[in-house]
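What TrEMBL says about this one:
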DOMAIN    46-335  domain 'Tr-type G'
BINDING   55-62, 119-123, 173-176  GTP binding site
Amino acid sequence: MIWGRYVLTSGLQCCRCRVSCHVRRHYRILPDDVKSLRAVVNPDVSKIRNIGIMAHIDAGKTTTTERMLYYSGYTRALGDVDDGDTVTDFMAQERERGITIQSAAVTFEWKAHRINLIDTPGHVDFTLEVERALRVLDGAVAVFDASAGVEAQTLTVWRQAEKHHVPCVCFLNKMDKPAASLRFSLESIKKKLKANPVLLQIPVGSGKDFSGVVDLLTNQKLIWKHKTMRDEEDGRTFEITPLDESEEPALLQEVSEARAALIEQVADLDDEFADLLLTDFGENFDEVPSIKLQEAVRRVTLARKGVPVLCGSSLRNKGVQPLLDAITAYLPAPDERHHDLVRWYKDDLCALAFKVLHDKQRGPLVFLRIYSGTLKPQSAVHNINRNSVERISRLMVPFADQNVEIPSMTAGNIALTVGLKQTVTGDTIVSSKSSAAAAAARRAHNDSGTGAKHGEHASVVLSGVEVPEPVFFCTIEPPTMAKQADLENALNNLQREDPSLKVRVDPDSGQTILCGMGELHIEIIHDRIRREYGIETHLGPLQVAYRESILHEVSATETLDRTIGERRHVVAVELAVTPLDSSSCEFAFTEELGAKLSAEIKEAVENGVQSAYLQGPLLGYPLQGVSALIQSVHMEPGTSPAMVSACVSRCVHKALRLAGGQVLEPVMSLEVTVEEERLSSVLGDLAQRRGTVRDIQSRHDDKVLLATVPLAEMMGYSTILRTVTSGNATFTLELDTYEAMNPQDQNTLLKRVSGLL
């Protein structure tokens, strides 16, 4: 990216009109002006949009982001994923592979609105990046390949957006592809996402003849006509003309029917708009002003009753400017999203740390979403989760890997900070411990009428980011023992950046174990250690992270009698373990026991149970689907809580062994898109992998195979699939569930782990 001098201007769009039989408006960004982030720092909160770009891999998220930055005037040239020169894909691995690996934040202005945008990955191995972005964003743009509709990862990120109640706008990208289909894409949104698409545009032309869109709200045609080679390359100029009788009859008919359907659909979803139609436009619904229709669409979007749908081709530079207009028109401002906890802070600072990066010169860079108050550099802040005070030395506006220092940042914005050395993803940052106490007191006072009791810590901490459990692991070793400390430092930094990366030390062998979300995830981590920290590490064979559970309900007792020095510790525990039909592990006290144990002993019992859950009775994998009921805990006076924990842990382990163990293996959802003539080869290979076919669908000239298959059978699948299909297939994998292995496969695994195979 080339940075020249900054030209501070109030706007980059100019309008030139000419008189003819149609009113034509040509929009063009002044070519030599590059805006400075310093020009837009703290606008009114109603003019802020915090949005994310989310999609299946290769749907065009990063290309769409590049066009947004270019048309808004913040870059001089159009970046291209294939050329490796995009703003948001700045990591070496991203530019080499042509995929987004970590989310990147950029800030820019569009028509007096400030847009804080996060470009997220589309690969399932990096789904945590989407999760933590959606946790702090107010709206999202879901990008679709118009020839493929809803794909596997589209469904995953859509569920994540729904979990966080994030309003969305849909952008049907790649309308220039021969197989692009508006109808097919809309149907897949309805059926697969269970969403209500509100179509706002219809395409003009199809395939390589796609030239623009018709805006159904205004009945205007937006055409990207190119008069010069330069315009053809950047798409900054487009022409707006009202539809009239001179248009093709088929287009007029399609627009008329689509607009009538839009008005009827919005009236069904929004009572205020329905009343307006019946009261003022009962004789002719088509006369309703476009501004009233737009306001109704906005209400429908914010209520998450429907999702606006727009069309375009980011790679061909068509349709991105109307998408930017839709972001400002339909997605919410920060003050239109309600965060219950934040109101207790009033005007005091309350922010959530949602991402950490490590910079060799500046140290940890922490991204904060500011929910209330004002953030300033050289100020002390309180981290509630760590119960520590830290000082923010510098405050910046994020722009991928280029950042601009600013004097302050207000509520509703996303900031990048330097100086927070202890803060990690999910931490709540406030101005001081006293402000957190005041917020807790306000909430306690409000809840006093209900009889609810809230501890200070629990009542004022923002909910963090859910981190998925790893499914792969392998050993990692430095080239020499002299590099062990450097490797540990690198892994600590990478874990802080990426909470889905887990590192542990094997208690028996002393080896360092790297746990990740997939083959690509671990491969990227390995490469980053080599490039960024200069350590040539060795990875052991990739292994599957199994789980264990139990078969029967069993009771057990355990007694521990130890004398340490002059102090005798005696504790006896009785409990029962029960299999659960869920992925979690639970524990509880009997009502009588829970009433008489102190908080300290309860905590000791919980620690003992949780430590036992980490190691199953068969192979030592973590447990899931187990419940422990603590029935009695008897102690001699002077017995320490640590001894109680040890006794409980031993008792749980004994019960687990008696209950009979079973191994649970991760089972993946597999989606393969392949030419019809090569489908049989894919099915034959899948049968050898213990796969189960769920469905085979048609997508234009291709077949889409949906199946479930054990993760252990998918090692190196990309290479095999490329071989059996001559490179004419694509696939996606996503964790579906953990299932019990059949006895034969379990025995084979036990023998292999025991070294008998």
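Even glycines carry a Cβ here, placed using N, Cα and C.
The shown structure was predicted, so the numbers you read here are calculated from the model rather than taken from an experiment.
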Checklist entry - Using a Cβ-Cβ cut-off under 8 angstroms and a sequence gap of six or more, which residues of the chain neighbour THR120 (GTP binding site)? => result GLY52, ILE53, MET54, LYS61, THR100, SER103, GLU129, VAL130, ALA133, VAL157
Checklist entry - Other than its own, how many Cβ atoms are within 10 Å of the Cβ belonging to MET175 (GTP binding site)? => result 30
Checklist entry - Including all protein chains shown, what's the count of other C-beta atoms within 10 A of the C-beta of LYS61 (GTP binding site)? => result 28
Checklist entry - Can you tell which of ALA55, ASP58, HIS123 has the most other C-beta atoms within 10 Å, given these are the binding-site residues? => result ALA55
